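Asker: Quick one: this structure, given as structure tokens, is what I'll be asking you about.
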Amino acid sequence: MLVIKADYKKYPLPVLESMRINEDEFYGKYDACIIVQTCNRIEAYFDEEINDIEKIIPDFKGFDVIKGKKATLHFLNVACGMDSMILGENQILGQIKSSYHKSKELKKTSKYLENLFLKAIHVGQRVRAETKINEGGVSIGSAAVELAEMKLGLKNRNVLLIGAGEIGTLVAKALIEKHIKAVIVANRTYERAETLAKELKGMAVHFDKLKEAINFSDVIICATSSPHYILEKSDLLDVGNKIIIDIANPRDVDDSVRELENISLYTIDDLRNISDKNLQKRLKEVPIVENIIEEEYGILLKQIEKTNVEEVIKDFNTYIEDVRKKELEKAVRLCKNKSPDEIMENFSKAFVKRITHDFVSYSLSVSKEDLLNSIWWKK
């Protein structure tokens, strides 16, 4: 088991984006591998050592390489959201499933990788079912959505998201899980608004249509990187009752908006309390998750051992059958004028001699440790 990886803990997101693997080239080169790529991580999983990967990945020196038990435990932690930027987040599990299915469709999985990925998916599902590691928003974006849910309820509500950058994307991820009537995305660069709106199954609007979008919406979440105010008191005098959540830094909404009775304004300071409390709740679940991972890792090892034994038995039977056919053909050819008893006598001796010779030859060519750990008849 070998993993190459680069993630948000080592590189900023723009650098990670530049390091992305060309999946078509990668899958074309290797027979057994699975690639997991998200906005926060780039990882490739192999069931054996590889020597020429730098030919496929120009920035290979920037990747970390982990092997064996450490690599397997790393992947189980990834599937559980323990290695995510947002502790316990759900999205990574879906991304792992998609990566597995793509590799399987391309016939690039192996028995070991299938066991590993199916186990990781199972563990990720179990952890989220048996613990609270994914409950409560811990990012500012998800906390904003949680606050809107607490104050108004989001089911069948219209939400306007102003800003389609990094923070806006975090809000979008949190909104996906809610049963919202309509989501509108506004951004100065319309193409970015359009891309994010498609992900949300919502609609994008140009910035010059912002007033109409505000009138239509129940909740407005502001998350731009603008150096000046996007909304001022004069913009909101006649728009009806609204909840506005400003998570931009610097602020998108002039604080004088609080003077309007029809507007409830919340800022990033209001959200930090929610985010911090939820993070503490999730952190309390970490030891439980770690115990589940350790337990499931033990089960995985037994599954792999069973699979290995089954493969050994299959290979041994194939080897024996191959020897039997060859020695029987030789015995019949050399003993044409002999009785069946003589043919069987010669065949049985040759059969045993061939198997014994192969085993002894291999035994003398390797160390005692290698002999005990290897499958001699596959050599």
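Along the chain as shown, the residues are counted starting at 1.
Cβ coordinates are placed from backbone N, Cα and C, and glycine is handled just like the others.
Small disclaimer: the values here were computed from a predicted structure and weren't measured.
What Swiss-Prot records for this protein is below:
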- Cys39: active site, nucleophile (ACT_SITE)
- Thr38, Cys39, Asn40, Arg41, Ser84, Glu89, Asn90, Gln91, Gln95: substrate binding site (BINDING)
- Gly163, Ala164, Gly165, Glu166, Ile167, Gly168: NADP(+) binding site (BINDING)
- His74: site 'Important for activity' (SITE)
Asker: Checking the recorded positions Thr38, Cys39, His74, Ser84, Asn90, which are within 10 Å of Gly165 (NADP(+) binding site) at the Cα level?
Answerer: none
Asker: May I ask which residues of the same chain, at least 6 positions away in sequence, place their Cβ under 8 angstroms from the Cβ of Gly163 (NADP(+) binding site)?
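Answerer: Correct list: Ala186, Asn187, Cys222, Ala223, Thr224, Ser225, Ala248, Asp252.
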Asker: List the same-chain residues at least 6 positions away in sequence whose Cβ sits under 8 Å from the Cβ of Glu166 (NADP(+) binding site), in sequence order, or say none.
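Answerer: The answer is Leu13.
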Asker: Within its own chain, what residues at least 6 apart in sequence put their Cβ under 8 Å from the Cβ of Gly168 (NADP(+) binding site), listed in sequence order?
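Answerer: Non-local contacts for Gly168 (NADP(+) binding site): Gly141, Leu161, Ile162, Val185, Asn187, Leu196, Ala223, Thr224.
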Asker: Count the Cβ atoms, other than its own, that fall within 10 Å of the Cβ of Gly165 (NADP(+) binding site), considering every protein chain shown.
Answerer: 15
Asker: Using a 10 Å cut-off on Cβ-Cβ distances across all protein chains shown, tell me which of the binding-site residues (Asn40, Ser84, Gln95, Ala164) has the largest neighbour count.
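Answerer: Of Asn40, Ser84, Gln95, Ala164, the one with the most crowded Cβ is Ala164.
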Asker: Using the alpha carbons only, what distance in Å do you get between the residue listed as 'active site, nucleophile' and Gln95 (substrate binding site) once rounded?
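Answerer: So the alpha carbons of the residue listed as 'active site, nucleophile' and Gln95 (substrate binding site) sit roughly 11 Å from each other.
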Asker: What are the other residues, in sequence order, whose C-beta lies within 8 angstroms of the center of the C-beta atoms of Thr38, Cys39, Asn40, Arg41, Ser84, Glu89, Asn90, Gln91, Gln95 at the substrate site?
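Answerer: Filtered neighbour residues, in order: Met85, Ile86, Ile92.
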Asker: Hey, which of the recorded positions Cys39, Ile167 is the loneliest by Cβ count within 10 Å?
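Answerer: Among the recorded positions Cys39, Ile167, the lowest count of other Cβ atoms within 10 Å belongs to Cys39.
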Asker: In the same chain, outside Gly163, Ala164, Gly165, Glu166, Ile167, Gly168, whose C-beta lies within 8 angstroms of the Cβ mean position for the NADP(+) site?
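Answerer: Apart from the listed residues, the neighbours are Thr169, Leu170, Val171, Asn187, Leu196, Ala223, Thr224, Ser225.
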Asker: Quick one: pull the CA-CA distance for His74 (site 'Important for activity') versus Ser84 (substrate binding site), whole Å only.
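Answerer: Each residue's Cα considered, His74 (site 'Important for activity') and Ser84 (substrate binding site) end up 11 Å apart.
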Asker: To the nearest whole angstrom, what is the C-alpha distance linking Ile167 (NADP(+) binding site) and Gln95 (substrate binding site)?
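Answerer: Rounded to a whole number, the Cα-Cα distance is 20 Å.
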Asker: Please work out the number of neighbouring Cβ atoms within 10 Å of the Cβ of Thr38 (substrate binding site), leaving out its own Cβ.
Answerer: 18
Asker: Return the count of C-beta atoms lying within 10 angstroms of the C-beta of Asn90 (substrate binding site), excluding that atom itself.
Answerer: 16
Asker: DSSP on Ile167 (NADP(+) binding site), three-state: which is it?
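Answerer: For Ile167 (NADP(+) binding site) - judged by DSSP and reduced to three states - the answer is helix.
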